[in-house]
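See below for the structure under consideration.
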């Protein structure tokens, strides 16, 4: 999976897909009451990127629904995964449950259209810290209460704050989540990051019977040398400001026979058995 990073403007979706991304990440900003308002990162962000692009969240969902709906004029077959970077650190932890309710309802109304949409992308909920786990509980409660629990099959969980992996496992146990879990490891593209935690996560992913990490991606990679390093370690995905660079690396002799781009037929919740 090649995740285009910080794709917050509607017009940038096609741009990142044209560069080779088959997944996009966008930031969701909330008001003080936990209501999702806009797709917006804000300052500071990655080196070499403008942080101010934005869109109204519901309008963004309306557009991305079309982009991921077969036979729609805007349909782009390659886009199979949407990563929602939830800016929960900007609101009180007490509002995390309200935020989860709101995002679930907006997805129901504007993306899935309560069963009337054929939009097919998988959804990855990126939670910054384990202390915000009530967002996940609320999201799942809302799908159940609204009568759409079946959409849980399309939704995965990911904690992005580089926290202790055992602490993350404990929270997933509290929530009763034993599948459909990604684990991110990374840092802003402005800095270098070691591989100790990434290697630990990969070891857990590959441990038989360990159900708290199904997939792993590294972020935010812009240097080809770091992309190569991550691929050698065996990541499932790379988040980048430059999807075209990832494409070029994947075509190199060392990787061409080992990796390919994920398609809709590849389940993002299953461990890869090579």
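Using N, Cα and C of the backbone, Cβ positions are placed for all residues, glycine too.
On a predicted model such as this, the values are computed, not experimentally measured, just so you know.
The active site annotation in Swiss-Prot covers 5. There are 30 other Cβ atoms within 10 Å of the Cβ belonging to residue 5 (active site).
Among the features that Swiss-Prot reports, Mg(2+) binding site is placed at 25, 27, 85. Residue environment of residue 27 (Mg(2+) binding site) contains 24 other Cβ atoms, counted within 10 Å of its Cβ in all protein chains.
In the three-state DSSP classification, residue 41 (active site, nucleophile) falls within coil. Note: residue 41 (active site, nucleophile) has non-local neighbours 6, 8, 27, 51, 53, i.e. same-chain residues 6+ apart with C-beta under 8 A of its own C-beta. Among the features that Swiss-Prot reports, active site, nucleophile is placed at 41.
The DSSP secondary structure for residue 51 (disulfide bond) is coil. Annotation source Swiss-Prot lists disulfide bond at 45-51 (among others).
Cβ neighbour count for residue 190 (disulfide bond): 13 (other Cβ atoms within 10 Å of its Cβ, all protein chains included). What Swiss-Prot lists as disulfide bond is 47-190 (among others).
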Chain-internal residues, separated by at least six, CB under 8 A from residue 25 (Mg(2+) binding site): 3, 4, 5, 6, 7, 83, 84, 85, 126, 239
Beyond the site residues 25, 27, 85: chain residues whose C-beta lies within 8 Å of the centroid, for Mg(2+): 5, 6, 7, 8, 26, 28, 39, 41, 83, 84, 86, 126
For residue 5 (active site), the three-state class that DSSP assigns: coil
